[in-house]
Amino acid sequence: MGQEVSSVNNTKNEHHKTNKKSLKGGNERHEMKESSVGISKKIVENSFNNSKLRPGMFIQNSNVVFNEQYKGIKILGKGSFGEVILSRDKHTGHEYAIKVISKKHVKRKTDKESLLREVELLKMLDHINIMKLYEFFEDNNYYYLVSDVYTGGELFDEIISRKRFYEIDAARIIKQILSGITYMHKNNVVHRDLKPENILLETKNKEDMIIKIIDFGLSTHFEYSKKMKDKIGTAYYIAPDVLHGTYDEKCDIWSCGVILYILLSGCPPFNGSNEYDILKKVEAGKYTFDLPQFKKISDKAKDLIKKMLMYTSAVRISARDALEHEWIKMMTSKDNLNIDIPSLELSIANIRQFQSTQKLAQAALLYMGSKLTTIDETKELTKIFKKMDKNGDGQLDRNELIIGYKELLKLKGEDTSDLDNAAIEYEVDQILNSIDLDQNGYIEYSEFLTVSIDRKLLLSTERLEKAFKLFDKDGSGKISANELAQLFGLSDVSSECWKTVLKEVDQNNDGEIDFKEFRDMLVKLCNY
(Lines of atoms letter the chains of each structure in order from A; the text may use other names.)
(Lines give C-alpha, C1' and ligand atoms only; values in the text may rest on other atoms or scores of the structure.)
Protein backbone atom coordinates (compact mmCIF):
# COMPACT_ATOMS: atom_id res chain seq x y z
CA MET A 1 0.00 0.00 0.00
CA GLY A 2 2.89 2.38 0.84
CA GLN A 3 4.43 1.81 -2.63
CA GLU A 4 1.14 2.61 -4.35
CA VAL A 5 0.88 6.06 -2.70
CA SER A 6 4.57 7.05 -2.79
CA SER A 7 3.96 9.78 -5.41
CA VAL A 8 2.09 12.93 -4.40
CA ASN A 9 0.56 13.02 -7.88
CA ASN A 10 -0.96 9.59 -7.34
CA THR A 11 -2.31 10.36 -3.89
CA LYS A 12 -5.77 11.59 -4.99
CA ASN A 13 -6.35 8.69 -7.39
CA GLU A 14 -5.08 6.13 -4.97
CA HIS A 15 -7.14 7.67 -2.15
CA HIS A 16 -10.21 7.26 -4.37
CA LYS A 17 -9.26 3.63 -5.03
CA THR A 18 -8.72 3.02 -1.35
CA ASN A 19 -12.12 4.47 -0.48
CA LYS A 20 -13.72 2.22 -3.09
CA LYS A 21 -11.94 -0.77 -1.57
CA SER A 22 -13.00 0.28 1.94
CA LEU A 23 -16.58 0.74 0.78
CA LYS A 24 -16.52 -2.63 -0.91
CA GLY A 25 -15.05 -4.21 2.20
CA GLY A 26 -17.74 -2.56 4.34
CA ASN A 27 -20.45 -4.00 2.11
CA GLU A 28 -18.87 -7.42 2.41
CA ARG A 29 -18.79 -7.12 6.18
CA HIS A 30 -22.40 -5.91 6.20
CA GLU A 31 -23.43 -8.83 3.99
CA MET A 32 -21.49 -11.22 6.21
CA LYS A 33 -23.22 -9.78 9.29
CA GLU A 34 -26.64 -10.16 7.67
CA SER A 35 -25.72 -13.66 6.60
CA SER A 36 -24.55 -14.48 10.13
CA VAL A 37 -27.81 -13.20 11.62
CA GLY A 38 -29.75 -15.21 9.05
CA ILE A 39 -27.82 -18.34 9.94
CA SER A 40 -28.38 -17.68 13.67
CA LYS A 41 -32.09 -17.25 13.07
CA LYS A 42 -32.20 -20.46 11.09
CA ILE A 43 -30.28 -22.30 13.82
CA VAL A 44 -32.60 -21.14 16.60
CA GLU A 45 -35.65 -21.80 14.43
CA ASN A 46 -34.45 -25.35 13.86
CA SER A 47 -33.50 -25.76 17.53
CA PHE A 48 -36.88 -24.41 18.62
CA ASN A 49 -38.90 -26.50 16.18
CA ASN A 50 -36.91 -29.63 17.03
CA SER A 51 -37.28 -29.12 20.78
CA LYS A 52 -38.44 -32.25 22.57
CA LEU A 53 -41.50 -31.52 24.69
CA ARG A 54 -42.12 -33.43 27.91
CA PRO A 55 -44.48 -32.58 30.79
CA GLY A 56 -41.49 -32.37 33.15
CA MET A 57 -40.21 -29.22 31.44
CA PHE A 58 -43.07 -27.31 33.08
CA ILE A 59 -42.11 -28.37 36.62
CA GLN A 60 -39.65 -25.77 37.76
CA ASN A 61 -38.73 -24.47 41.20
CA SER A 62 -41.15 -21.58 40.76
CA ASN A 63 -41.89 -18.51 42.85
CA VAL A 64 -45.40 -19.69 43.75
CA VAL A 65 -46.59 -18.62 47.21
CA PHE A 66 -48.64 -21.43 48.75
CA ASN A 67 -51.36 -19.29 50.37
CA GLU A 68 -51.77 -17.15 47.24
CA GLN A 69 -52.13 -20.11 44.85
CA TYR A 70 -53.79 -22.74 47.06
CA LYS A 71 -56.29 -23.00 49.89
CA GLY A 72 -55.52 -25.78 52.39
CA ILE A 73 -58.60 -27.90 53.13
CA LYS A 74 -57.47 -30.68 55.44
CA ILE A 75 -54.48 -32.79 56.41
CA LEU A 76 -54.47 -36.14 54.60
CA GLY A 77 -51.50 -37.62 56.42
CA LYS A 78 -48.37 -36.93 58.44
CA GLY A 79 -44.86 -38.32 58.26
CA SER A 80 -41.43 -37.77 59.77
CA PHE A 81 -40.55 -35.05 57.24
CA GLY A 82 -43.87 -33.18 57.05
CA GLU A 83 -47.49 -33.60 56.07
CA VAL A 84 -49.76 -34.01 53.04
CA ILE A 85 -52.47 -31.37 52.72
CA LEU A 86 -55.59 -31.60 50.56
CA SER A 87 -55.57 -28.22 48.80
CA ARG A 88 -57.66 -26.37 46.24
CA ASP A 89 -56.21 -24.27 43.44
CA LYS A 90 -57.77 -20.82 43.88
CA HIS A 91 -57.74 -20.16 40.12
CA THR A 92 -59.05 -23.43 38.64
CA GLY A 93 -60.88 -24.99 41.61
CA HIS A 94 -59.00 -28.27 41.13
CA GLU A 95 -57.98 -30.19 44.23
CA TYR A 96 -54.47 -31.54 44.79
CA ALA A 97 -52.48 -33.39 47.42
CA ILE A 98 -49.57 -31.18 48.45
CA LYS A 99 -46.67 -32.74 50.30
CA VAL A 100 -45.25 -30.07 52.61
CA ILE A 101 -41.74 -30.88 53.81
CA SER A 102 -40.15 -28.84 56.59
CA LYS A 103 -36.64 -27.63 55.79
CA LYS A 104 -35.77 -28.29 59.44
CA HIS A 105 -35.94 -32.00 58.60
CA VAL A 106 -33.92 -31.72 55.40
CA LYS A 107 -30.72 -30.28 56.83
CA ARG A 108 -28.41 -33.12 55.84
CA LYS A 109 -26.95 -32.88 52.36
CA THR A 110 -28.02 -36.45 51.56
CA ASP A 111 -31.65 -35.72 52.53
CA LYS A 112 -31.82 -32.69 50.26
CA GLU A 113 -30.17 -34.61 47.42
CA SER A 114 -32.73 -37.40 47.87
CA LEU A 115 -35.63 -34.93 47.70
CA LEU A 116 -34.32 -33.13 44.62
CA ARG A 117 -33.52 -36.45 42.92
CA GLU A 118 -37.11 -37.59 43.55
CA VAL A 119 -38.40 -34.38 41.94
CA GLU A 120 -36.12 -34.79 38.91
CA LEU A 121 -37.21 -38.40 38.40
CA LEU A 122 -40.91 -37.56 38.70
CA LYS A 123 -40.40 -34.78 36.15
CA MET A 124 -39.20 -37.28 33.54
CA LEU A 125 -41.63 -40.16 34.25
CA ASP A 126 -44.95 -40.11 32.39
CA HIS A 127 -47.01 -43.24 33.05
CA ILE A 128 -50.57 -44.10 34.09
CA ASN A 129 -49.38 -46.06 37.13
CA ILE A 130 -46.78 -43.61 38.41
CA MET A 131 -47.59 -40.64 40.63
CA LYS A 132 -47.90 -37.44 38.61
CA LEU A 133 -46.07 -34.36 39.89
CA TYR A 134 -47.71 -31.08 38.89
CA GLU A 135 -45.60 -28.48 40.61
CA PHE A 136 -42.59 -28.05 42.89
CA PHE A 137 -41.78 -24.89 44.82
CA GLU A 138 -40.28 -23.73 48.11
CA ASP A 139 -40.23 -20.85 50.56
CA ASN A 140 -37.98 -20.07 53.52
CA ASN A 141 -39.39 -22.89 55.65
CA TYR A 142 -40.85 -25.58 53.39
CA TYR A 143 -40.66 -27.53 50.15
CA TYR A 144 -43.96 -28.20 48.34
CA LEU A 145 -44.68 -31.12 45.98
CA VAL A 146 -48.06 -30.87 44.23
CA SER A 147 -49.65 -34.11 42.98
CA ASP A 148 -53.02 -35.74 42.30
CA VAL A 149 -55.32 -36.68 45.16
CA TYR A 150 -55.51 -40.48 45.42
CA THR A 151 -58.50 -41.34 47.59
CA GLY A 152 -58.25 -45.13 47.71
CA GLY A 153 -55.53 -45.33 50.36
CA GLU A 154 -52.47 -47.57 50.46
CA LEU A 155 -52.41 -51.05 48.95
CA PHE A 156 -51.07 -52.11 52.36
CA ASP A 157 -54.37 -51.14 54.04
CA GLU A 158 -56.34 -52.94 51.33
CA ILE A 159 -54.33 -56.11 52.02
CA ILE A 160 -55.04 -55.81 55.76
CA SER A 161 -58.74 -55.33 55.00
CA ARG A 162 -59.08 -58.21 52.52
CA LYS A 163 -56.60 -60.62 54.11
CA ARG A 164 -55.80 -61.93 50.63
CA PHE A 165 -56.87 -61.35 47.02
CA TYR A 166 -58.50 -63.54 44.42
CA GLU A 167 -56.05 -64.42 41.65
CA ILE A 168 -57.80 -62.21 39.09
CA ASP A 169 -57.57 -59.15 41.36
CA ALA A 170 -53.96 -59.90 42.31
CA ALA A 171 -53.09 -60.22 38.61
CA ARG A 172 -54.70 -56.86 37.79
CA ILE A 173 -52.69 -55.15 40.52
CA ILE A 174 -49.33 -56.77 39.79
CA LYS A 175 -49.81 -56.12 36.06
CA GLN A 176 -50.09 -52.39 36.74
CA ILE A 177 -47.06 -52.42 39.04
CA LEU A 178 -45.05 -54.29 36.39
CA SER A 179 -46.25 -51.87 33.72
CA GLY A 180 -44.85 -48.96 35.72
CA ILE A 181 -41.61 -50.83 36.45
CA THR A 182 -41.17 -51.85 32.79
CA TYR A 183 -41.49 -48.20 31.80
CA MET A 184 -39.07 -47.09 34.53
CA HIS A 185 -36.43 -49.70 33.64
CA LYS A 186 -36.75 -48.80 29.96
CA ASN A 187 -35.92 -45.23 31.00
CA ASN A 188 -33.01 -46.39 33.21
CA VAL A 189 -34.75 -45.68 36.51
CA VAL A 190 -34.83 -48.18 39.39
CA HIS A 191 -37.24 -47.67 42.32
CA ARG A 192 -35.43 -49.66 45.06
CA ASP A 193 -38.23 -49.42 47.64
CA LEU A 194 -41.29 -51.10 46.16
CA LYS A 195 -43.75 -52.17 48.86
CA PRO A 196 -47.54 -51.99 49.43
CA GLU A 197 -47.09 -48.80 51.48
CA ASN A 198 -45.62 -47.11 48.40
CA ILE A 199 -48.50 -48.12 46.14
CA LEU A 200 -51.68 -46.06 46.33
CA LEU A 201 -55.14 -46.81 44.96
CA GLU A 202 -56.38 -43.99 42.74
CA THR A 203 -59.98 -44.15 44.00
CA LYS A 204 -62.17 -46.19 46.33
CA ASN A 205 -63.65 -47.98 43.29
CA LYS A 206 -62.86 -51.64 44.01
CA GLU A 207 -63.69 -52.76 40.47
CA ASP A 208 -61.23 -50.56 38.55
CA MET A 209 -58.51 -50.61 41.26
CA ILE A 210 -56.05 -48.33 39.43
CA ILE A 211 -52.74 -48.13 41.31
CA LYS A 212 -50.06 -45.43 41.53
CA ILE A 213 -46.42 -46.05 42.44
CA ILE A 214 -45.14 -43.33 44.78
CA ASP A 215 -42.13 -42.38 46.95
CA PHE A 216 -39.10 -42.14 44.68
CA GLY A 217 -36.78 -40.95 47.45
CA LEU A 218 -34.53 -44.02 47.12
CA SER A 219 -34.86 -44.25 43.34
CA THR A 220 -32.00 -43.49 41.00
CA HIS A 221 -30.76 -43.67 37.43
CA PHE A 222 -28.84 -46.82 36.54
CA GLU A 223 -26.66 -48.12 33.73
CA TYR A 224 -27.14 -51.66 32.46
CA SER A 225 -23.39 -52.23 32.40
CA LYS A 226 -22.86 -51.15 36.02
CA LYS A 227 -23.94 -52.68 39.32
CA MET A 228 -25.37 -50.63 42.19
CA LYS A 229 -23.91 -50.93 45.69
CA ASP A 230 -26.05 -48.88 48.13
CA LYS A 231 -27.72 -51.16 50.67
CA ILE A 232 -31.16 -49.56 50.85
CA GLY A 233 -34.77 -50.73 50.94
CA THR A 234 -37.28 -52.26 53.37
CA ALA A 235 -36.55 -55.58 55.08
CA TYR A 236 -39.54 -57.64 53.88
CA TYR A 237 -39.10 -56.59 50.24
CA ILE A 238 -35.36 -56.14 49.81
CA ALA A 239 -33.57 -58.48 47.39
CA PRO A 240 -30.64 -60.65 48.59
CA ASP A 241 -28.38 -59.11 45.92
CA VAL A 242 -28.98 -55.69 47.52
CA LEU A 243 -27.85 -57.11 50.86
CA HIS A 244 -24.72 -58.42 49.13
CA GLY A 245 -23.99 -54.91 47.83
CA THR A 246 -23.90 -55.76 44.11
CA TYR A 247 -27.21 -55.55 42.27
CA ASP A 248 -29.06 -54.23 39.21
CA GLU A 249 -32.57 -53.05 38.31
CA LYS A 250 -34.02 -56.53 38.91
CA CYS A 251 -34.03 -55.80 42.64
CA ASP A 252 -37.43 -54.24 41.79
CA ILE A 253 -38.63 -57.57 40.37
CA TRP A 254 -37.77 -59.36 43.61
CA SER A 255 -39.91 -56.79 45.46
CA CYS A 256 -42.76 -57.43 42.98
CA GLY A 257 -42.47 -61.16 43.69
CA VAL A 258 -42.79 -60.53 47.42
CA ILE A 259 -45.81 -58.27 46.84
CA LEU A 260 -47.53 -60.90 44.65
CA TYR A 261 -46.86 -63.58 47.26
CA ILE A 262 -48.47 -61.36 49.92
CA LEU A 263 -51.46 -60.49 47.70
CA LEU A 264 -52.26 -64.18 47.20
CA SER A 265 -51.53 -65.44 50.71
CA GLY A 266 -51.83 -62.51 53.08
CA CYS A 267 -48.39 -63.12 54.58
CA PRO A 268 -44.80 -62.33 53.53
CA PRO A 269 -42.52 -65.06 52.11
CA PHE A 270 -39.67 -64.00 54.41
CA ASN A 271 -40.94 -63.42 57.94
CA GLY A 272 -39.39 -62.97 61.34
CA SER A 273 -39.87 -61.47 64.80
CA ASN A 274 -37.47 -58.63 64.06
CA GLU A 275 -35.62 -57.02 61.16
CA TYR A 276 -32.48 -59.07 61.75
CA ASP A 277 -34.42 -62.36 61.48
CA ILE A 278 -36.22 -61.16 58.34
CA LEU A 279 -32.97 -60.15 56.63
CA LYS A 280 -31.35 -63.50 57.49
CA LYS A 281 -34.23 -65.30 55.77
CA VAL A 282 -34.04 -62.97 52.76
CA GLU A 283 -30.32 -63.65 52.52
CA ALA A 284 -31.00 -67.39 52.58
CA GLY A 285 -33.64 -66.86 49.88
CA LYS A 286 -35.82 -69.79 50.94
CA TYR A 287 -39.60 -69.55 51.01
CA THR A 288 -42.48 -72.02 50.76
CA PHE A 289 -45.83 -72.55 49.06
CA ASP A 290 -46.64 -75.16 51.70
CA LEU A 291 -49.33 -73.01 53.28
CA PRO A 292 -53.12 -73.55 53.39
CA GLN A 293 -53.63 -70.30 51.45
CA PHE A 294 -51.68 -71.65 48.46
CA LYS A 295 -53.62 -74.90 48.08
CA LYS A 296 -56.12 -73.27 45.73
CA ILE A 297 -53.63 -71.00 43.99
CA SER A 298 -52.84 -72.00 40.39
CA ASP A 299 -49.47 -73.40 39.36
CA LYS A 300 -49.14 -70.59 36.82
CA ALA A 301 -49.36 -67.96 39.58
CA LYS A 302 -46.74 -69.82 41.61
CA ASP A 303 -44.55 -70.07 38.51
CA LEU A 304 -44.49 -66.29 38.14
CA ILE A 305 -43.60 -65.86 41.82
CA LYS A 306 -40.77 -68.37 41.42
CA LYS A 307 -39.38 -66.51 38.42
CA MET A 308 -39.57 -63.19 40.27
CA LEU A 309 -37.89 -64.61 43.37
CA MET A 310 -34.98 -66.26 41.59
CA TYR A 311 -32.04 -65.80 43.93
CA THR A 312 -29.56 -64.85 41.21
CA SER A 313 -30.40 -61.62 39.43
CA ALA A 314 -29.03 -62.86 36.08
CA VAL A 315 -31.74 -65.54 35.83
CA ARG A 316 -34.52 -63.50 37.46
CA ILE A 317 -37.32 -62.59 35.06
CA SER A 318 -37.35 -59.04 33.64
CA ALA A 319 -40.26 -56.65 34.13
CA ARG A 320 -41.22 -56.83 30.44
CA ASP A 321 -41.13 -60.64 30.37
CA ALA A 322 -43.14 -60.78 33.61
CA LEU A 323 -45.81 -58.64 31.94
CA GLU A 324 -45.97 -61.22 29.16
CA HIS A 325 -46.27 -64.16 31.59
CA GLU A 326 -49.06 -66.61 30.79
CA TRP A 327 -50.77 -66.18 34.17
CA ILE A 328 -51.11 -62.40 33.83
CA LYS A 329 -52.37 -62.69 30.25
CA MET A 330 -54.86 -65.39 31.21
CA MET A 331 -56.18 -63.50 34.24
CA THR A 332 -56.54 -60.11 32.54
CA SER A 333 -57.54 -61.16 29.00
CA LYS A 334 -61.26 -60.67 29.64
CA ASP A 335 -60.97 -57.29 31.34
CA ASN A 336 -63.78 -55.16 29.96
CA LEU A 337 -62.95 -51.46 29.95
CA ASN A 338 -66.54 -50.40 29.03
CA ILE A 339 -65.44 -47.53 26.81
CA ASP A 340 -67.95 -44.70 26.44
CA ILE A 341 -68.69 -44.43 22.69
CA PRO A 342 -69.33 -40.63 22.58
CA SER A 343 -66.00 -40.08 24.37
CA LEU A 344 -64.35 -42.47 21.92
CA GLU A 345 -65.79 -40.64 18.90
CA LEU A 346 -64.66 -37.26 20.24
CA SER A 347 -61.14 -38.48 21.03
CA ILE A 348 -60.68 -40.03 17.56
CA ALA A 349 -61.91 -36.82 15.91
CA ASN A 350 -59.52 -34.75 18.03
CA ILE A 351 -56.57 -37.03 17.26
CA ARG A 352 -57.30 -36.95 13.53
CA GLN A 353 -57.47 -33.16 13.36
CA PHE A 354 -54.40 -32.45 15.49
CA GLN A 355 -51.85 -31.04 13.08
CA SER A 356 -49.38 -28.54 14.47
CA THR A 357 -45.82 -27.56 13.78
CA GLN A 358 -46.07 -24.48 16.03
CA LYS A 359 -43.88 -25.50 18.95
CA LEU A 360 -45.19 -22.90 21.39
CA ALA A 361 -48.76 -24.05 20.77
CA GLN A 362 -47.72 -27.67 21.28
CA ALA A 363 -45.97 -26.78 24.53
CA ALA A 364 -48.97 -24.84 25.84
CA LEU A 365 -51.36 -27.68 24.97
CA LEU A 366 -49.07 -30.28 26.55
CA TYR A 367 -48.96 -28.24 29.74
CA MET A 368 -52.74 -27.90 29.80
CA GLY A 369 -53.35 -31.54 28.91
CA SER A 370 -50.87 -32.98 31.39
CA LYS A 371 -51.02 -30.48 34.26
CA LEU A 372 -54.46 -28.85 34.20
CA THR A 373 -56.73 -31.89 33.86
CA THR A 374 -58.30 -33.99 36.60
CA ILE A 375 -58.64 -37.75 37.08
CA ASP A 376 -62.40 -37.54 36.41
CA GLU A 377 -61.88 -35.57 33.20
CA THR A 378 -59.41 -38.12 31.82
CA LYS A 379 -61.07 -41.32 33.06
CA GLU A 380 -62.54 -42.37 29.69
CA LEU A 381 -59.37 -41.41 27.80
CA THR A 382 -57.34 -43.53 30.21
CA LYS A 383 -59.52 -46.53 29.30
CA ILE A 384 -58.96 -45.90 25.58
CA PHE A 385 -55.20 -45.59 26.10
CA LYS A 386 -55.07 -48.83 28.11
CA LYS A 387 -57.06 -50.66 25.42
CA MET A 388 -54.54 -49.58 22.80
CA ASP A 389 -51.52 -50.40 24.99
CA LYS A 390 -51.36 -54.08 24.05
CA ASN A 391 -48.09 -54.95 25.83
CA GLY A 392 -49.00 -52.93 28.91
CA ASP A 393 -45.79 -50.91 29.11
CA GLY A 394 -47.54 -47.54 29.34
CA GLN A 395 -46.49 -46.32 25.87
CA LEU A 396 -48.01 -46.72 22.41
CA ASP A 397 -45.66 -47.82 19.65
CA ARG A 398 -46.45 -47.75 15.92
CA ASN A 399 -47.73 -51.32 15.80
CA GLU A 400 -50.01 -50.79 18.81
CA LEU A 401 -51.35 -47.63 17.20
CA ILE A 402 -52.19 -49.51 13.99
CA ILE A 403 -53.93 -52.39 15.79
CA GLY A 404 -55.60 -50.16 18.37
CA TYR A 405 -56.74 -47.61 15.80
CA LYS A 406 -58.52 -50.32 13.80
CA GLU A 407 -60.21 -51.63 16.95
CA LEU A 408 -61.32 -48.16 18.03
CA LEU A 409 -62.73 -47.38 14.58
CA LYS A 410 -64.73 -50.63 14.74
CA LEU A 411 -65.97 -49.80 18.25
CA LYS A 412 -67.00 -46.40 16.92
CA GLY A 413 -69.04 -48.18 14.25
CA GLU A 414 -66.90 -47.40 11.21
CA ASP A 415 -66.56 -50.02 8.48
CA THR A 416 -62.83 -50.72 8.18
CA SER A 417 -63.20 -53.55 5.64
CA ASP A 418 -62.72 -51.14 2.72
CA LEU A 419 -59.64 -49.55 4.28
CA ASP A 420 -56.47 -51.24 3.16
CA ASN A 421 -53.57 -51.59 5.58
CA ALA A 422 -51.50 -49.04 3.67
CA ALA A 423 -54.18 -46.37 4.20
CA ILE A 424 -54.43 -47.08 7.93
CA GLU A 425 -50.65 -47.18 8.30
CA TYR A 426 -50.36 -43.86 6.49
CA GLU A 427 -52.91 -42.25 8.81
CA VAL A 428 -51.19 -43.73 11.88
CA ASP A 429 -47.81 -42.41 10.68
CA GLN A 430 -49.35 -38.96 10.29
CA ILE A 431 -50.77 -39.20 13.82
CA LEU A 432 -47.45 -40.40 15.25
CA ASN A 433 -45.54 -37.57 13.58
CA SER A 434 -48.02 -35.01 14.88
CA ILE A 435 -48.44 -36.07 18.49
CA ASP A 436 -45.07 -37.60 19.40
CA LEU A 437 -44.06 -34.34 21.05
CA ASP A 438 -40.86 -35.64 22.67
CA GLN A 439 -39.82 -37.36 19.41
CA ASN A 440 -38.94 -40.70 21.03
CA GLY A 441 -40.97 -42.85 18.62
CA TYR A 442 -43.74 -43.58 21.15
CA ILE A 443 -46.95 -41.90 22.27
CA GLU A 444 -46.67 -41.22 25.99
CA TYR A 445 -49.72 -41.07 28.25
CA SER A 446 -49.67 -37.25 28.55
CA GLU A 447 -49.21 -36.83 24.79
CA PHE A 448 -52.29 -38.97 24.21
CA LEU A 449 -54.36 -36.99 26.72
CA THR A 450 -53.21 -33.69 25.23
CA VAL A 451 -54.41 -34.40 21.70
CA SER A 452 -57.51 -36.47 22.46
CA ILE A 453 -59.18 -34.51 25.28
CA ASP A 454 -62.29 -32.40 24.71
CA ARG A 455 -61.04 -29.04 23.36
CA LYS A 456 -63.89 -27.05 24.94
CA LEU A 457 -62.96 -28.52 28.31
CA LEU A 458 -59.27 -27.86 27.83
CA LEU A 459 -59.57 -24.29 26.56
CA SER A 460 -61.58 -22.83 29.42
CA THR A 461 -60.67 -19.27 30.40
CA GLU A 462 -59.29 -20.40 33.76
CA ARG A 463 -56.95 -22.94 32.16
CA LEU A 464 -55.82 -20.57 29.45
CA GLU A 465 -54.96 -17.97 32.09
CA LYS A 466 -53.02 -20.47 34.19
CA ALA A 467 -51.13 -21.73 31.14
CA PHE A 468 -50.29 -18.16 30.14
CA LYS A 469 -48.94 -17.48 33.64
CA LEU A 470 -46.59 -20.45 33.32
CA PHE A 471 -44.88 -18.82 30.34
CA ASP A 472 -45.17 -15.25 31.65
CA LYS A 473 -42.66 -15.75 34.45
CA ASP A 474 -42.33 -12.10 35.50
CA GLY A 475 -46.09 -11.44 35.49
CA SER A 476 -45.76 -8.58 33.01
CA GLY A 477 -48.79 -9.67 30.98
CA LYS A 478 -46.60 -10.62 28.03
CA ILE A 479 -44.42 -13.61 27.17
CA SER A 480 -40.95 -12.34 26.30
CA ALA A 481 -38.24 -13.92 24.20
CA ASN A 482 -36.14 -14.45 27.32
CA GLU A 483 -38.96 -16.30 29.10
CA LEU A 484 -39.43 -18.64 26.14
CA ALA A 485 -35.69 -19.18 25.84
CA GLN A 486 -35.50 -20.31 29.47
CA LEU A 487 -38.44 -22.70 29.11
CA PHE A 488 -37.05 -24.31 25.94
CA GLY A 489 -33.45 -24.37 27.17
CA LEU A 490 -32.22 -21.98 24.47
CA SER A 491 -31.15 -19.08 26.69
CA ASP A 492 -28.06 -18.18 24.62
CA VAL A 493 -30.12 -17.07 21.61
CA SER A 494 -30.71 -13.36 20.86
CA SER A 495 -34.17 -11.79 21.15
CA GLU A 496 -34.04 -10.81 17.45
CA CYS A 497 -33.90 -14.47 16.50
CA TRP A 498 -36.88 -15.22 18.74
CA LYS A 499 -38.93 -12.50 17.04
CA THR A 500 -38.39 -14.28 13.73
CA VAL A 501 -39.41 -17.61 15.21
CA LEU A 502 -42.55 -16.17 16.83
CA LYS A 503 -43.76 -13.99 13.95
CA GLU A 504 -46.73 -16.26 13.17
CA VAL A 505 -48.02 -15.83 16.75
CA ASP A 506 -46.95 -12.24 17.44
CA GLN A 507 -49.79 -10.42 15.67
CA ASN A 508 -48.79 -6.84 16.59
CA ASN A 509 -45.07 -7.43 15.90
CA ASP A 510 -43.88 -6.14 19.27
CA GLY A 511 -41.61 -9.15 19.82
CA GLU A 512 -43.73 -10.46 22.69
CA ILE A 513 -46.93 -12.46 23.08
CA ASP A 514 -49.88 -11.08 25.02
CA PHE A 515 -52.80 -13.12 26.35
CA LYS A 516 -55.02 -12.49 23.32
CA GLU A 517 -52.30 -13.68 20.93
CA PHE A 518 -51.70 -16.71 23.16
CA ARG A 519 -55.40 -17.59 23.25
CA ASP A 520 -55.87 -17.04 19.50
CA MET A 521 -52.92 -19.33 18.78
CA LEU A 522 -54.51 -22.20 20.73
CA VAL A 523 -58.02 -21.61 19.44
CA LYS A 524 -56.70 -21.66 15.87
CA LEU A 525 -54.81 -24.89 16.52
CA CYS A 526 -57.81 -26.62 18.03
CA ASN A 527 -60.35 -25.27 15.52
CA TYR A 528 -62.48 -24.22 18.45
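The backbone N, Cα and C atoms fix where each Cβ goes, and this holds for glycine too.
Per Swiss-Prot, region 'Disordered' is recorded for 1-36.
According to Swiss-Prot, the N-myristoyl glycine annotation covers Gly2, on the basis of similarity to another entry.
Summarising the annotation, Swiss-Prot assigns compositional bias 'Basic residues' to 14-23.
Marked as ATP binding site by Swiss-Prot on the basis of sequence analysis: Leu76, Gly77, Lys78, Gly79, Ser80, Phe81, Gly82, Glu83, Val84, Lys99. For Leu76 (ATP binding site), the Cβ neighbour count at a 10 Å cut-off comes to 16, with all displayed protein chains included. Leu76 (ATP binding site) carries a strand DSSP state (E or B).
According to Swiss-Prot, the Ca(2+) 1 binding site annotation covers Asp389, Asn391, Asp393, Gln395, Glu400. Under a cutoff of 8 A between CB atoms, and with a sequence separation of 6+ in the same chain, the neighbours of Asp393 (Ca(2+) 1 binding site) are Ser179, Thr182, Tyr183, Lys186, Arg320, Leu323.
Summed and averaged per residue, pLDDT over the domain 'EF-hand 2' (427-458) gives 84. Positions annotated as domain 'EF-hand 2' by Swiss-Prot, on the basis of sequence analysis: 427-458.
For Asp436, Asp438, Asn440, Tyr442, Glu447, the entry in Swiss-Prot reads Ca(2+) 2 binding site. Sequence-distant contacts of Glu447 (Ca(2+) 2 binding site), defined by Cβ-Cβ distance under 8 angstroms and a gap of at least six in the same chain, are Leu366, Ile435, Asp436, Leu437, Asp438.
Here Swiss-Prot flags 459-494 as domain 'EF-hand 3'.
Swiss-Prot lists Asp472, Asp474, Ser476, Lys478, Glu483 with the feature Ca(2+) 3 binding site. Listed in sequence order, Ser480, Glu483 are the same-chain residues at least 6 apart in sequence whose CB falls under 8 Å from the CB of Asp474 (Ca(2+) 3 binding site). Reduced to three states, the DSSP call for Asp474 (Ca(2+) 3 binding site) is coil.
Taken from Swiss-Prot, the feature domain 'EF-hand 4' applies to 496-528.
Within 10 Å of the Cβ of Glu512 (Ca(2+) 4 binding site) there are 22 other Cβ atoms, across all protein chains. Annotation note: Glu512 (Ca(2+) 4 binding site) sits in a coil segment as assigned by DSSP. Residues annotated as Ca(2+) 4 binding site in Swiss-Prot, with sequence analysis given as evidence: Asp506, Asn508, Asp510, Glu512, Glu517.
DSSP gives Glu400 (Ca(2+) 1 binding site) a helix state. Proximity to Lys478 (Ca(2+) 3 binding site), judged by a C-alpha distance within 10 Å, picks out Glu512 from the binding-site residues Lys78, Val84, Tyr442, Asp506, Glu512.
Of the listed binding-site residues, namely Asn391, Ser476, the sparsest Cβ surroundings within 10 Å are found at Ser476. DSSP assigns Gly82 (ATP binding site) to a strand. Taking each Cβ in turn and tallying the other Cβ atoms within 10 Å, the top scorer among the binding-site residues Ser80, Gln395, Asn440, Asn508 is Gln395. For the domain 'EF-hand 2' (427-458), DSSP puts the residue distribution at 21 helix, 1 strand, 10 coil. Comparing Lys78 (ATP binding site) with Asn440 (Ca(2+) 2 binding site), their Cα atoms are 39 Å apart once rounded.
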